[in-house]
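A short write-up of the structure that comes next.
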């Protein structure tokens, strides 16, 4: 797997307590069972990949994690304390930030305005309360520079950025606003090779700052390039969690495809299946 | 290995950054088109029109209708940036005029009560418009089109009731003349300064020594004041950022914590209140109100906003642009009377200007977003 380790630097110690731990999560929509027992946790500074084919329940699961859905069964704990999110805002306040595929970016607006959208810093009070434009511009440029993107200027419209760069703005924004767990919904699915490598490098940077990253993908190569642990979701259930180096791309692919070759995988997954 | 890749990526980025000239930076300002339009129209009239157009009294002559339209256009522009339309503002001028007339003449209320009451009724109707649009998800175009007719009809019916059968309500001037609030909303400001300027011969005077321009009509001051406030709000306050965000992409904005519904309803209320302000000023000026007041003004206000760089799709535009858009309107409407051209060229000009502005804005949007 040497060619896959480009974006990986050192292993995360396993004795750290997870930031968020979700156990036996079930979610029913009427008589449809979207999730039938999913367990997942994220530790600080790791990239935990959630893999699964279309319809496996990835979207439902991340929406549960980010507070959009309430689980029908199962427990969510944050720093060991049980939590009950009633809205996405609760999850955000607990440090769970989600970068959805649409990125919540507005192409016509500048990078700065997008970066601080809904959370503008202000100076002054009363009628003179206004945006701290200078601080906003400096912060946006600085945060983007840290992520390896040199803006033409803080007023550059997001529409002029490439897909990978937009993804990076969204990630940088979430991290700047205090994300402890960053959920990335298929961040590389629509990107070219070079932009993908940019985003994977960004994920690695973020992880090194101690943020736990949840990387949702159905691309095994992208996941293996950056992931520390890999959980496969199939038909609303977790098929097991493997650590980096314990599983090959082919095995992951088989698991995502439905686990037909599960028996022969059991050994390499240490019986977690 | 990543350490070797990263600088390579950055270097590749840097070499792709083209230096941006002042020209192309200016191109990205939404109000550029309107300013260019003002220059163009001014040049046109400097060549073709009688010299009287650009004397002080000539300027006041075309700035007064420009200001009356411009107050509406600034509201319309804010709402368009927020991603919605209001086709009912023209009818709102008539309806607010009726409310104002009824308050002052029929009920005999002082301005300190009549003006807030008129503004509140307008804001209430704006809120109804906005709530229907947001609750149903219907296009604001169609909802406010309904209110265009509802309010116009209500003005007619209401006027007949208030005046006893006529569609005109007179006597507003007599009712408000001595009110201490009247100078804020009618007549000319800075009269003493203009009188003094006339005395020292700095401005033109009539034969009896009175200045030809007795002061600055208050609507022009309101117009400038609102343009400045709107620009400040849009460019410098969080609420301004929310307006752009709500108009740019409603979902993205609300996912980022922008209170989209509140922003949009507030904008509908603001636009309606702009209509009411125009009604108060013009009714006090003419001393009466009638059901045709504000007729077609909704379209002119939207056209002025579009000339000012607002996109019909929302999320982009400027209040200063609408300011200049309205001035273009005033200059052309009044300016044609100073030339030998038939006045009816105005409408042809209007359509042509709108088309050019939309094409230009479309081009600008593609440049800004990097679309191809």
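Backbone N, Cα and C define each Cβ position, glycine as well.
Record features (TrEMBL):
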- B:32-56: transmembrane segment (TRANSMEM)
- B:62-81: transmembrane segment (TRANSMEM)
- B:93-126: transmembrane segment (TRANSMEM)
- B:138-159: transmembrane segment (TRANSMEM)
- B:180-203: transmembrane segment (TRANSMEM)
- B:215-235: transmembrane segment (TRANSMEM)
- B:265-283: transmembrane segment (TRANSMEM)
- B:295-312: transmembrane segment (TRANSMEM)
- B:319-339: transmembrane segment (TRANSMEM)
- B:345-364: transmembrane segment (TRANSMEM)
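When each of the listed stretches B:32-56, B:62-81, B:93-126, B:345-364 is scored by C-beta pairs under 8 angstroms to the transmembrane segment (B:180-203), B:93-126 comes out highest. Within the chain carrying the transmembrane segment (B:138-159), a Cβ under 8 angstroms from the stretch's Cβ atoms is held by residues 84-88, 90-92, 94-95, 97-98, 101-102, 125, 129, 132, 166-169, 289-291, 293, 298, all 6 or more beyond its ends.
The recorded stretches the transmembrane segment (B:93-126) and the transmembrane segment (B:265-283) share 3+ CB pairs below 8 A when only pairs 6 or more apart in sequence are counted, and are therefore in contact. Put simply, of B:62-81, B:215-235, B:265-283, B:319-339, B:345-364, the stretch with the most CB pairs closer than 8 A to the transmembrane segment (B:32-56) is B:319-339.
Listed as Cβ neighbours of the transmembrane segment (B:62-81) (distance under 8 Å, sequence separation of 6 or more from its ends, same chain) are residues 53, 89-90, 93, 217, 219-220, 222-223, 226-227, 230, 234, 243-244, 247, 267-268, 270-275, 277-278, 281-282, 297-298, 300-302, 304-306, 308, 310-312, 314-319, 321-323, 325-327, 329-331, 333-335. Same-chain residues lying 6+ beyond the ends of the transmembrane segment (B:215-235) with a Cβ under 8 Å from its Cβ atoms: 60, 63-64, 66-68, 70-71, 74, 77-78, 81, 183-191, 193-194, 243-244, 274, 277-278, 281-282, 318-320, 322-323, 326.
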